[in-house]
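Asker: Got these off Swiss-Prot a minute ago, pasting:
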- 24-106: domain 'Lipoyl-binding' (DOMAIN)
- K65: N6-lipoyllysine (MOD_RES)
Amino acid sequence: MSNIPAELKYASSHEWIRKEEDGSYTVGISEHAQELLGDMVFIELPDVGDTLSAGEDCAVAESVKAASDIYAPLSGEVLAINEALEDSPELVNSDAFGDGWFFRVMPSDVAEIDSLLDAEGYQAVIDEE
């Protein structure tokens with residue numbers, strides 16, 4: 001059973017978002033997603049300054065099992081990326097909701113957040129897989 005923190009919002013494609021004090025959102029992949037993928041070997045992230053559209057592929061998580069596209073859960077500008085993943089992609093496995101975050105985005109349309117899932121809704125998505 002994967003850990004699904006209640007304070008986060010989730011996309012059905014297994015990304016999570018966490019609101020930060022400056023109004024930006026940190027994005028990563030869920031513990032469930034990293035369990036499915038297995039040991040990470042490489043993470044390709046967007047560039048700081050990139051403009052993302054919700055639902056577009058914007059990063060790649062490559063594991064010993066597969067390479068998986070990571071989708072932007074929100075539209076907006078990339079403010080920061082987790083440079084630690086360049087040398088330590090395994091942080092996604094060891095701390096998916098903490099040190100294994102992917103990037104931060106300043107949303108251009110906060111209404112998109114309403115279309116994301118709460119923890120209960122995300123659990124239902126996992127249960128249907």
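Each residue, glycine too, has its Cβ placed from N, Cα and C.
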Asker: Determine the Cβ neighbour count for K65 (N6-lipoyllysine): the number of other Cβ atoms within 10 Å of its Cβ.
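Answerer: By my count, 12.
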Asker: What does DSSP give as the helix, strand and coil breakdown of the domain 'Lipoyl-binding' (24-106)?
Answerer: 15 helix, 34 strand, 34 coil
Asker: Across the domain 'Lipoyl-binding' (24-106), what does the pLDDT come to on average, as a whole number?
Answerer: 98
